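Visitor: Before I ask anything, let me first share the structure, which is written out below as structure tokens.
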Amino acid sequence: MLTKFETKSNRVKGLSFHPKRPWILASLHSGVVQLWDYRMGTLIDRFDEHDGPVRGVDFHTNQPLFVSGGDDYKIKVWNYKLRRCLFTLLGHLDYIRTVQFHVEHPWIVSASDDQTIRIWNWQSRNCISVLTGHNHYVMCASFHLKDDLVVSASLDQTVRVWDIVALRKKVASPGGPQRPSELDLKIPQMNADLFGGGDAVVKYVLEGHDRGVNWASFHPSLPLIVSGADDRQVKLWRMNDTKAWEVDTLRGHVNNVSCVMFHARQDIIVSNSEDKSIRVWDMSKRSGAQTFRRENDRFWILSAHPNLNLLAAGHDSGMIVFKLERERPAYASHANMLYYVKDRYLRSFEFESQRDNPLVSVRRPPGGGNNSGFRNLSYNPAENAVLINSDSEGGSYELHVLPKDDGRSGEVGNEPRRGQGVSATFIARNRFAVLDKSTHQILIKDLKNEVTKKCVPPDSTVDAIFYAGTGSLLCRAEDRMILFDVQQRAAMAEITTPLIKYVVWSNDMSLVAMLSKHAIVIANRKLGHACTVHETIRVKSGAWDDRGVFIYTTLNHIKYALPNGDSGIIRTLDNAVYVTKVIGNVVHCLDRDGKNRRIQIDSTEYVFKLALVQRKFDQVLSMIKSNVLCGQSIIAYLQKKGYPEIALHFVRDEQTRFALAVECGNIEVALAAAQALDEKETWHKLGVEALRQGNHQIVEFAYQKTKNFERLSFLYLITGNIEKLQKMLKISEMRADVMGQFHNALYLGDVTERVKILESAGHHPLAYVTAKTHGLETDAERIAEELREAGAKVPDIDASVGELLTPPEPILKEDNWPLLTVSKGFFEGVLSGEVSASQYQMDESEMEGVGGDWGDGDDLDLGVGGDDDEMEKDDPLANILPGGDDEEDRSQDGSDAGWDMEDMDLPAADLVGGSQPGSPTGIQAGEMFVAPSAGVDPRQKWTAKSAVAGDHAAAGEFDGAMKLLSRQLGIVNFKPLKQMFVDCAFASTGVLPGSLSEGDAAKMRVILSRNWDSSDPIGQVKPPNLLGTLPILEEKLKQAYRKVTEGKFSDALNLFVNIIHSITLLSVETRREVDEVKELLAIARDYAVALRIELSRKEVAKSDPNRAAELAAYFTHQNLQPIHSSLSLRSAMTIFYKMQNFQTAAGFSRRLLELNPPANVATQAKQVLQVCEKQNKDAVELNYDSRNPFVVCSGTLTPIYRGTKDLACSCCGAKYVVEKKDALCDVCNLGKVGADATGLVVSETQSSSSSRR
């Protein structure tokens, strides 16, 4: 039994599947009818109008209706769309046991404890027939699917079959009988209610059970009836036109049989009982095939889905929806072929020609259907062999060696070899692995099915194995997947996952998708986690397409997942399918019947997103111009990914265009959108953005549109536009805006106007003071006289201390201020037509700025004639890298000596050309004042639940921060972080001055929070403001890149180490930012290790040339930017050429050419390669093997080759040899080598997601 859905509730007495939707009705003993979505596992609705238990329920086949019958003697017809009861049918005089709709006619059949069966017309809402004859409770009644028959079961120990042909003819007659008088109607109707009508007659009475019969049901197509009774027996009956008889009795239940029915798709009978079991009976063998038991719950009802292979059973504490067997066909695809099992045959299917061939017959697993029990399939193309895994006998497999021509010539394959074990899979040309659960070993066998090797699994909880490339296996443990090398018998890597069911590798084996029930984990070849895609409904299958996109199916969708974690829906499905291969826009799949299907899909959306992620901007541009993309989801995606300028191209809604234009700084588009919208809020936002950019002309226009005269006046003041400021004064006067008049007069320095305004406003003393202060004696005398006449005091002032405030004259007047540079990206420039796409192609200009330590004199004397000046002009490094006599000077001044790209003597003849409140209840008079109790310091709230060390440091809790860092990153040396801790604490608080008399004692400390908003609720505590943020570190990374390019390796190393230190106290908000921080840490670590290698090389360059050469070679294997990798390869190529290690130098030349360097660099590399290939040998033996993958120990700076055990720094992750265990990391100077740590935590989302798991 495969349980698909389970509920916990009161006793379930009735069940009904919806014929089309993934819904099931459950009627409960409590009187509630529940509507569940069994696919999503959610309760859709509940209907509660019955008084007492509801024993019967049924969906209509095509109307949005269902019917229910209960112990309140009522039959209710409901509309689930309207979510209410439409009407109630009354007539039964006791409990109603079952109700059922007819598939064609508007009829309902009901069985009741009043010993009758009634047929109702739900359209006319009356009873059309009463079937009497039973002399005890009628436990169930149901219509035949095709014939005019009704079967009923009763506690009178009989099963009756009723013929309703006359009823159908009466209802279906075209004219119908003439309408009788009311008198004629009353007597027959009364008789019908008492004695039953003549429209339904008993055809057969089946006697054989010794006790009351609880259930009887028809076979959907054969003339068979099955019944179950309190005598614990299931009986099978056959009928013909004249009689019915007992065929057989099925014994096995040990208590009353509650329900029994035929399976719609297989020759089996399913029954359940009060003995807490569900039994499956084989009709052909008339014996029990399977038994499923519950510990404490008696079963009461069964229901079968009309179309799907689904069953449901109701018990004392809820219900279960289940399958009897798996419907997923076992299959494997290779190249253009699909191999799968169907109808007891192993078959092949060719994708291109659509040719399907049976290859060999396979043994049917015992107790299963055609495809049941076959778990999966593994194909070996080298030997044309197939392994088929089965669930039978606790796990077994069959090994088939197929005919060479796939069976087309009629050639019979060899007899299959069988064995016990699970997850048999090929791991080499003539070897396969199988997990033996009895001995808990991985057995390696040859094609003769003989054991050649035994391995102990890497974990005691390993219960399945999957193919992971030649000689490797993926082992499924309790909560992770382990990459296991069979040859070395060692675990190479592991990744935390849910329980994985299927593993799908990409075509080039670079990526792997691991499918669990509700998630897909995508990782690289070494199980480096790429992303996890979560689904709410079951994931069924998946396959990689040629572009590296994972196409997968759920129960009702075909979806895609990109390696960066983006996912989406491609199309919906009516029924579940299993993807076998994706070719272009065609998805090849198998359905549950084992039929091959081709489904056309639209790949535009995910191809566009993939091109954007891979920065293939020419492809993105082509798709934009072809207008094949539209929809809000694409716009939201582009905005989220930081490409608002592309989203702007798709948007037609002006409001959205305006928001996007403001986001990407496109002031022209924003202005056009604002004019189209003409809303005050829009103009305000435009003004803010224009002011940010310094475009005061648009700011002026926006302020004019919003009639924001105060801001407009101030704008004219700071731009020195006196003429328009004078106009603003007149406008204020016309608007009778006294305050505006005064401000404008103040801005203009017009004292006379200010005096006039103050007088007109009735502020004569102020007017007098203004006039007197500024020397307007006439006006001052006049106003003083008016004050004396009014009996007011004339203010005493000292006119000598006043000074006229006049606006400064602008030094230079231009049409606009110098505007903020808003750089246009690739798309904005191309889409606007300002530049062509070709101008964005990568060229040699990327090498500009390269200098300093990247090399001293990179011109190699290759013996090629030509103009040195021309060579210098073509090479962007030629004018930057010093050469000649400067080389010795640089090596003696104590600075880094550069890349040492010196001259090489190559024979010219061999070369070719190229390029809270206070008191308790209220204060009474005379009571003592009680001060409010102190609130909680926000800094305590920062540390209460936070697991981010930066929050603790910001709160001044240095001890807590150090404990977190010690646990999370294994940090043992906190000295480098001391100043950062102090800076974090100071950055999260501010000081506001108090009264001058109090001095420092009155200063108020203010908490500085990040993401603060004026609309935040009072008392809400936001996270602390931190000194370092992700954008700041990203900018620091760019600076470090520039230092590396310029050859300032020591400065660059300090910057990268500082980034690592800053990350330990970083705090971000989203999961995406967490991933970015982890990526930033990896980049900084890799560069720090690389630069330490290069600086060490320069130290030993003269004293130990061989060691210097080894370090130069190691440097080329570090994870660097392409330009830096290119320069490192040029340096190594030069050094090894001069050592006459031509074979290794040739390798560097080839790797350099793979990076597509500038033309002159490529020419030089080709020439070196040509010379080295002629003398393909190394003069000096070094500790360097380019063919064996390795990482460099950050302590000894020696290679750690694959398969050799290594350790890592608990903080930055730098690799070390095992001898360095417990040493302080030389890279970050913080962590301990080989220490246990839980991992970097920089966001609360990390702790919340881990708690959910």
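Even glycines carry a Cβ here, placed using N, Cα and C.
Sharing the features that TrEMBL gives for it:
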- 5-46: repeat 'WD' (REPEAT)
- 47-88: repeat 'WD' (REPEAT)
- 89-130: repeat 'WD' (REPEAT)
- 131-164: repeat 'WD' (REPEAT)
- 206-247: repeat 'WD' (REPEAT)
- 250-291: repeat 'WD' (REPEAT)
- 619-775: domain 'COPA/B TPR' (DOMAIN)
- 824-1246: domain 'Coatomer alpha subunit C-terminal' (DOMAIN)
- 855-873: compositional bias 'Acidic residues' (COMPBIAS)
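If you look at the structure here, what lies around each of the features I listed?
Guide: Sequence-distant contacts of the repeat 'WD' (5-46), counting only residues of its own chain at least 6 positions beyond either end whose CB sits under 8 Å from a CB of the stretch, comprise 52-59, 61-62, 66, 68, 70, 78, 80, 83, 98, 300-307, 310, 312-321, 536-537, 555-556.
For the repeat 'WD' (47-88), the list of distant contacts is 13-19, 23, 25-35, 94-101, 103, 108, 110-112, 120, 122, 125, 306: same-chain residues at least six beyond its ends, Cβ to Cβ under 8 Å.
Below 8 angstroms of C-beta separation, residues 14, 55-61, 65, 67-71, 73-77, 136-143, 145, 150, 152, 154, 162, 164, 167-168, 171, 192-193, 196-197, 199-200 of the same chain, each at least six residues beyond the ends of the repeat 'WD' (89-130), sit close to that stretch.
Confidence over the repeat 'WD' (131-164), given as mean pLDDT on the 0 to 100 scale, stands at 94.
Per-class residue totals from DSSP over the repeat 'WD' (206-247), listed helix then strand then coil: 0 helix, 25 strand, 17 coil.
Outside the repeat 'WD' (250-291), and at least 6 residues removed from its termini, the chain residues within Cβ reach (under 8 Å) are 1, 214-220, 224, 226-230, 232-236, 297-302, 304-307, 309, 311, 313, 315, 324, 367, 369.
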Visitor: Taking a Cβ cut-off under 8 Å, which residues six or more beyond the ends of the repeat 'WD' (206-247) line up next to it in the same chain?
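Guide: Same-chain residues near the repeat 'WD' (206-247) but 6 or more away: 136-137, 139-140, 142, 144-146, 149, 151-161, 253-262, 264, 269, 271, 273, 275, 281, 283, 286.
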Visitor: When DSSP states are grouped into helix, strand and coil, how many residues of the repeat 'WD' (89-130) land in each?
Guide: 0 helix, 25 strand, 17 coil
Visitor: Where DSSP helix means H, G or I and strand means E or B, what are the helix, strand and coil counts for the repeat 'WD' (250-291)?
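Guide: Computed counts for the repeat 'WD' (250-291) are 0 helix, 25 strand, 17 coil.
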Visitor: Which residue counts does DSSP give the repeat 'WD' (5-46) for helix, strand and coil?
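Guide: Counting residues by DSSP class gives 0 helix, 26 strand, 16 coil.
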Visitor: Counting by DSSP secondary structure, give me helix, strand and coil numbers for the repeat 'WD' (47-88).
Guide: 0 helix, 24 strand, 18 coil
Visitor: Quick one: DSSP breakdown of the repeat 'WD' (131-164) into helix, strand and coil?
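Guide: Reading the DSSP string over the repeat 'WD' (131-164) gives 0 helix, 20 strand, 14 coil.
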